[in-house]
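Below: one structure, written as structure tokens.
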Amino acid sequence: SLHFLFLFFTSYFPGSDVNVKLNHMESNRILILFLVLCRCECARGWAGPDCGDDEQECASSPCYNGAQCVESDVPGEFSCTCPPFFTGPLCRTSYDPCDLYSDPCLHNSTCSPRFRCSCPPGFFGALCDLDVDECEISPCLHDGVCINQPGNFMCCLCSGGYMGSDCGSDIDECCGSRPCLNGGSCVDLLDKYACICIQGYSGKHCELDLDVCLQKLSNFSLCFNGGTCVDGPGSNFTCR
């Protein structure tokens with residue numbers, strides 16, 4: 001009974017005023033009573049009659065909202081892996097993914113309910129965090145060199161005679177410079193031009209005034225009855 005427990009404790013605790021001598025049988029009886037009447041208060045993470053068993057914290061399903069419980073190597077510790085739209089140690093707290101402070105969508109993309117990022121042109125991915133390499137589809141025409149940029153591309157070093165964002169516009173060499181002189185007509189060609197001169201002029205830019213008096217028409221002179229041909233501007237001439 002309690003008398004034996006008293007004898008047990010006073011026998012083994014230093015400073016006791018009681019001097020007790022126990023035989024082998026009495027010791028066994030005291031041990032049995034100790035195990036029956038006493039209970040171990042286990043530290044966190046431990047269980048069992050003698051607190052020797054590692055407690056499985058996830059067995060009680062401590063995580064909320066379908067979160068996954070993960071056992072820790074540290075006794076008494078565990079963690080919860082929260083599903084989308086929930087947070088906190090036990091995943092109890094819900095949140096709006098499109099909230100101003102938690103919006104995960106990047107590059108000015110639009111966050112829609114239930115967390116879906118609508119990406120602007122030039123970006124892709126779940127968070128619109130990946131840049132589209134537009135140069136992979138060779139957008140630069142006529143052998144132009146493509147340089148990829150965040151959300152866009154740039155064509156530089158367009159081949160001769162072309163210009164524009166995709167090197168698709170033919171440069172009209174005739175338009176700005178008006179290279180043809182003396183009434184000549186300019187014809188735009190690839191990376192060059194040609195001048196069609198009116199009668200009496202020649203040269204790349206129709207800059208040469210031909211001496212029409214030196215031109216023979218079917219072996220006949222321009223002036224009759226011994227007249228002398230005097231060259232004038234262009235195809236004009238006079239006979240003297």
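Just so it is clear, glycine is given a Cβ too, placed from its N, Cα and C backbone atoms.
Database features, via TrEMBL:
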DISULFID  CYS63-CYS80  disulfide bond
DISULFID  CYS82-CYS91  disulfide bond
DISULFID  CYS119-CYS128  disulfide bond
DISULFID  CYS158-CYS167  disulfide bond
DISULFID  CYS197-CYS206  disulfide bond
DOMAIN    54-92  domain 'EGF-like'
DOMAIN    94-129  domain 'EGF-like'
DOMAIN    131-168  domain 'EGF-like'
DOMAIN    170-207  domain 'EGF-like'
DOMAIN    209-240  domain 'EGF-like'
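Helix first, then strand, then coil: DSSP counts for the domain 'EGF-like' (131-168) stand at 4 helix, 13 strand, 21 coil.
Annotated pair CYS63 (disulfide bond) and CYS91 (disulfide bond), C-alpha to C-alpha distance, rounded: 6 Å. Comparing the Cα of CYS91 (disulfide bond) with the Cα of every entry in CYS119, CYS158, CYS167, CYS206, these being the disulfide-bonded residues, the smallest distance points to CYS119. Taking Cβ pairs closer than 8 Å, the domain 'EGF-like' (94-129) reaches residues 65, 84-87, 150-152 in its own chain, all 6 or more past its ends.
Taking the C-alpha positions, the distance from CYS80 (disulfide bond) to CYS128 (disulfide bond) comes to 28 Å.
Cβ neighbour count for CYS167 (disulfide bond): 22 (other Cβ atoms within 10 Å of its Cβ, all protein chains included). There are 21 other CB atoms within 10 A of the CB of CYS197 (disulfide bond), with all protein chains counted. A distance of 30 Å separates the Cα atom of CYS119 (disulfide bond) from that of CYS158 (disulfide bond).
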